[in-house]
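Sequence annotations record features per position, and here TrEMBL assigns active site, proton donor to Tyr150. Taken from TrEMBL, the feature active site, proton acceptor covers Lys221. Annotation source TrEMBL lists (S)-malate binding site at Arg203, Asn458, Asn502. Among the features that TrEMBL reports, domain 'Malic enzyme N-terminal' is placed at 127-308. Marked as domain 'Malic enzyme NAD-binding' by TrEMBL: 318-571.
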Amino acid sequence: MNSYYIKKRFCSSIFIQQRAPILTSLLSRCLGNQSITMASEMNGAVETRNPPVTPWTISVASGNTLLRDPHHNKGLAFTQKERESHYLLGLLPPVVISQELQEKKMMYNLRQYQIPLQRYTAMMDLQERNQKLFYKLLIDHVEELLPVVYTPTVGEACQKYGSIFRRPQGLYISLNEKGKILEVLKNWPHKNIQVIVVTDGQRILGLGDLGCQGMGIPVGKLALYTALGGIKPSVCLPVTIDVGTNNQKLLDDEFYIGLKQKRATGDEYHALLEEFMVAVKQNYGEKVLVQFEDFANHNAFDLLAKYSKTHLVFNDDIQGTASVVLAGVIAALKLLSGSLSDHTFLFLGAGEAGTGIAELIALELSKQMQVTVEETRKKIWLVDSKGLIVDSRKESLQSFKLPWAHLHEPIRDLVDAVKEIKPTVLIGTSGVGGTFTKDVVEAMASFNKKPVILALSNPTSQSECTAEEAYTWSEGRAIFASGSPFDPYEYDGKTFYPGQSNNAYIFPGFGLGLVMSGAIRVHNDMLLAASEALAQQVTVENFENGLIYPPFKNIRKISANIAAKVAAKAYELGLASNLPRPENLVEYAESCMYSPVYPNYR
Ligand SMILES: NC(=O)C1=CN([C@@H]2O[C@H](COP(=O)(O)OP(=O)(O)OC[C@H]3O[C@@H](n4cnc5c(N)ncnc54)[C@H](OP(=O)(O)O)[C@@H]3O)[C@@H](O)[C@H]2O)C=CC1
Ligand SMILES: CC(=O)C(=O)O
Ligand SMILES: [Mg+2]
């Protein structure tokens with residue numbers, strides 16, 4: 001490579017982020033293998049084994065490197081001028097096509113796959129190859145592609161992550177990195193991180209402990225942060241903390257990608273998490289948002305309580321889910337008579353999602369009724385794996401269940417609890433499929449004109465009941481929504497449209513609101529504001545179709561509205577640091593959103 005060539009190439013090409021100085025990189029590139037061969041030859045023998053070589057990094061994307069860089073690659077959409085300026089001539093076939101045609105072709109190809117996991121891997125390959133096209137597809141076809149990159153398919157992807165693993169998509173921090181986490185964070189190519197989604201893989205959807213293979217969840221959630229909430233992909237960081245797994249099947253699997261040991265617990269676990277949280281703040285500052293995702297509940301509640309005092313943290317399973325369900329219930333009031341305080345709630349599942357939702361409903365009720373939360377909790381009942389949570393079980397209950405231990409005789413089965421408590425709203429957060437049986441749904445329909453039935457567990461296999469079951473067993477009277485999507489269902493000549501009650505409605509807009517206002521802490525009032533914003537987006541037409549959530553196809557507008565309400569609350573509470581406050585927060589949110597349209601390269 002002569003100096004004229006190097007100079008010309010640098011002057012006309014696209015600068016990408018770099019760590020190593022340009023000259024070092026170039027020297028490594030120029031000397032690399034060559035110098036090692038010469039050194040070996042000087043010693044009298046040509047090296048026959050593979051000698052060590054220096055991995056070199058480049059500082060400018062052009063030519064083949066540009067085609068391999070997912071952030072800048074446009075594939076066949078590079079114009080002739082760009083091909084000439086950026087050393088692409090001959091590296092692409094002659095045709096130049098638009099991003100729209102690329103999108104059409106990619107959708108056509110995706111639709112040829114009959115197996116959901118094939119669509120998932122095709123989408124992940126696209127994300128690795130051409131990031132802008134990936135997001136353009138996801139934004140323009142959100143209803144079709146959400147089930148591919150998110151629940152339910154992401155669940156299967158995590159189960160098979162070891163087999164389908166191609167290239168790392170996030171940071172893996174295992175017990176091996178103890179004492180070096182700050183160093184590990186510095187290995188990530190992007191420096192200005194604003195949103196981290198982190199899991200330890202112990203409760204992946206309703207599929208249990210998937211260890212290191214839980215990485216599919218932070219990757220999927222952050223893809224939604226960008227597509228649904230407009231957060232720039234380069235400021236998003238997926239992280240998996242690997243402390244081992246108790247899943248014997250994975251430990252025995254030769255393709256498993258994580259540490260092959262039982263989970264670390266207690267001090268060892270908490271020390272690693274503490275090191276991570278300290279390093280995150282040290283490396284990215286006070287305002288980086290850390291979203292905890294799919295931790296087992298015994299850790300999730302502790303981590304949230306501990307780090308909400310010192311960091312900008314948000315637990316999606318506890319708080320995001322609570323906000324989305326409250327929004328659905330508020331919206332459902334338009335289809336039912338009365339106000340929130342006229343309703344009685346029964347949950348199957350008293351973990352993160354169940355108690356998180358229960359607590360936010362109780363908070364909203366207490367604000368509306370101007371009574372204490374202790375008082376409003378009385379309208380909310382929870383059943384766990386041992387039956388109804390009642391005061392006689394107090395001795396053996398985990399602390400997050402204690403506020404729900406009401407005075408009542410023990411009841412073992414859900415159906416008996418339904419008949420006794422007579423809830424108007426039944427919410428499934430058990431992670432166990434098929435638990436809303438025919439008897440349960442019929443009991444709900446026997447004393448409710450329009451029973452609200454929310455089967456929130458993911459993925460589809462774990463849903464407490466299907467849309468078809470909810471509609472047929474309630475004779476078409478249920479107001480139904482589920483965590484994973486179901487197709488519309490025709491019953492008795494009428495088409496029913498099941499809604500999707502999933503925290504994906506909330507966290508992208510919620511996160512955008514925090515980031516754009518420079519919020520330093522999350523506050524419950526922000527969750528209530530997000531619920532209100534989401535409920536307000538349900539249109540008359542949606543209600544006519546029995547929906548209590550707006551369609552996902554409008555999600556960017558919905559997210560902008562949620563972001564605006566959350567940011568407004570942050571300013572009101574004195575928790576926002578980006579001053580002065582923009583006047584029109586919806587417009588400001590929209591202006592902050594990432595666009596997947598290709599830029600023109602000079
Ligand atoms: N739609 C959405 O947006 C969201 C959906 N979810 C889904 O909710 C489910 C639960 O998540 P999460 O709350 O975090 O999990 P947790 O493990 O924290 O809680 C599960 C709860 O279900 C109870 N349970 C388990 N089996 C049964 C059973 N057979 N009968 C009655 N109760 C049972 C458990 O009882 P015990 O305490 O006695 O063990 C526990 O209280 C998952 O499938 C998850 O995917 C979660 C977050 C968001
Ligand atoms: C949706 C989600 O966060 C969950 O099922 O865990
Ligand atoms: Mg989750």
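Note: Cβ is positioned from N, Cα and C throughout, glycine not excepted.
Automated prediction, rather than curation, is the source of TrEMBL annotations.
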Reduced DSSP assignment, Arg203 ((S)-malate binding site): coil
Cα-Cα distance, maximum over Arg203, Asn458, Asn502, record's (S)-malate binders, Å: 16
Listed recorded positions among Tyr150, Arg203, Asn458, Asn502 whose Cα sits within 10 Å of Lys221 (active site, proton acceptor): Tyr150
Cα-Cα distance linking the residue listed as 'active site, proton donor' and Asn458 ((S)-malate binding site), given in Å to the nearest integer: 10
For the domain 'Malic enzyme N-terminal' (127-308), mean pLDDT (0 to 100): 97
Rounded to the nearest Å - Cα separation of the residue listed as 'active site, proton donor' and Asn502 ((S)-malate binding site): 11
Nonlocal residues around Arg203 ((S)-malate binding site), in sequence order (Cβ under 8 Å, 6 or more apart): Asp209, Asp294, Phe295, Ala296, Asn297, Ala300, Asp317, Glu352, Gly431
DSSP-derived structure type at the residue listed as 'active site, proton donor', helix or strand or else coil: coil
Where the C-beta lies under 6 angstroms from ligand 2, the matching recorded positions among Tyr150, Arg203, Lys221, Asn458: Asn458
